[in-house]
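Per Swiss-Prot, signal peptide is recorded for 1-35. The transmembrane segment annotation in Swiss-Prot covers 177-197, 201-221, 224-244, 257-277, 287-307, 321-341, 351-371, 396-416, 440-460, 461-481, 499-519, 543-563.
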Amino acid sequence: MVEGRRRRRFSLSSQQLALLLLLLSFFLCFSVASPRAISDSDLLDETVANSSSSVASLNASSSSSLVKPKEGSFADIIDRALEKEFNESDQNEVADPGSFNNSVAGQQAVLETVARVKSTKKNETKEEKRFQLHDVFNLNNDNRAEDTPTLIDRKDNVFIISNSKSKYPVLQLDLRLISDLVVVIVSATCGGIAFACAGQPVITGYLLAGSIIGPGGLNFISEMVQVETVAQFGVVFLLFALGLEFSTAKLKVVRSVAVLGGLLQILLFMFLCGITVSLCGGKRSEGVFVGAFLSMSSTAVVLKFLMEKNSTNSLHGQVTIGILILQDCAVGLLFALLPVLEGNSGIVHGMLSIGKVVVLLLSFLAVLSILSRTCIPWLLKLMVSLSSQTNELYQLAAVAFCLLVAWCSDKLGLSLELGSFAAGVMISTTDLAEHTLEQIEPIRNLFAALFLASIGMLVNVHFLWTHVDILLASVILVIIIKTTIVTTVVKGFGYNNKTALLVGISLAQIGEFAFVLLSRASNLHLIEGKLYLLLLGTTALSLVTTPLVFKMIPAVVHLGILLKWFSPDSTIEKGEIVRSESGKQRMILMSRQSHSS
């Protein structure tokens, strides 16, 4: 018995000695290093294999030294019962299809060295840091849960572990993501309040708040990819709410300019930019891409502005929305066009890809049209009957339906925006469209603010300030060219000067989706690095200045009246519907009915 106690004490002292040596090695590493943050190159010298083997040996030594309860005691009975219930196969990790070996073998992965970064605690450092404002947003609480590990490869790419393996199922929290979301939402709220008090559009406050806290500003956000992914729900719910307010009767009035005019303005941009670049001695493929890039407008920003001004039901608002929806439908076509412009795939292959997208789009819309007439009314009535006491279930069902249709659209190679808008249009054909809109509005407003703030985070303030001269000139040129082309196209469909000009100004910016299009073209080596930076900065500055352009619309309208471009008594809601013979007949019929009543 005494010998057993001695062995137990010896095992405990050896464990303590191992831990002491481990802490001493960490202390020596930190004492040799400089007091600054550990760089990636310093960390890359350690391999994952060595670190994992040391941790495994430490776990083995600690598990072998566990004190077992006394034989025959109540604790021993419980211990044996637990061992019988939970055997070794349940406790050990089982290799699943996503394990390391299967991933390497099945996906032709390349084994490379990465560094695993963990946050240091206060008692592990010898020197105390000075207080910085950035430390307020760092999670340095000793009582918090374990921070999410970070991996860095040799190219300085940072990866956040999404599913850390554990012997037992435990609740995993990404506290940095929670902190980032809190910072973004609070900053967007403060920015919106400040600009609302100043009488300015709250959109500007959201964008400016995002640029301040983003990597180009104070760099308060750690997980950009995760925050931007969550913020993408803002576009989804914005277009879902737009679809709920959509009217097929109003669409029939503007469908020609929305479909044909939207396609015409995209083709005009591609043709003019391609010809201009060819005349200047550049690559025609780059010019065509720049034209497609410039033709895209910001759906989220424009819709937010129209909703704030209650202009979604106006004629120029309906035309603007129709063209924006057409641009969202053309996203898949533009993606299919990029390999053709790059030159690796032939024209025939490119045409087949575009034809495939068109067939998928038409088939998808046909299936949704059938479902909207058969299943959707019955499903909504069922949700209403089940939500008699509270609207919680109906609200959840509406959100789930929107996300499901958007997900299906994305899986078919179309866009999330198109799917979410189609989901709203499906419900708009029923009697519960207004009720659904009331339930979805709070969620839409929250995620819309989050999305606009995430757009602001893409703006690098230092980069914009360094190249403000050329970027500002590029933005002014984009505004003038887009306003001129869109106004000319809308005017060509029989609309008067005022409506055409308002539509042109509303679409005179580069959309946030252009970031995705630009990154895809860069990966295909379709454009050079200098052009990439120019387009990136122009897009960012264009989104920031868009609310200011919207603020100038009343002044532009007043100037148009002074220059007699359009009559002062023309309205947006009624008088401008007279654009064709059928429109004139409808207006005459309405006036006769009003006189007879």
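Heads up, the Cβ atoms here are built off N, Cα and C, so glycines get one too.
Packing against the transmembrane segment (177-197) from elsewhere in the chain are residues 137, 139, 148, 204-206, 208-210, 212-213, 220-223, 226-227, 230-231, 446, 449-450, 452-454, 457: each is 6 or more residues past its ends and has a CB under 8 Å from a CB in it. Counting C-beta pairs under 8 angstroms (sequence separation of 6 or more), the transmembrane segment (257-277) reaches the transmembrane segment (321-341) with 3 or more such pairs.
Fewer than three CB pairs closer than 8 A are found between the transmembrane segment (396-416) and the transmembrane segment (543-563), and contact between the two stretches is not assigned (pairs 6 or more residues apart). Long-range contacts of the transmembrane segment (543-563) within the same chain: residues 200-201, 203-204, 207-208, 211, 298, 301, 305, 455-456, 459, 475, 479, 497-498, 501-502, 505-506, 508-510, 512, each at least 6 residues beyond the stretch ends and with a Cβ under 8 Å from a Cβ of the stretch.
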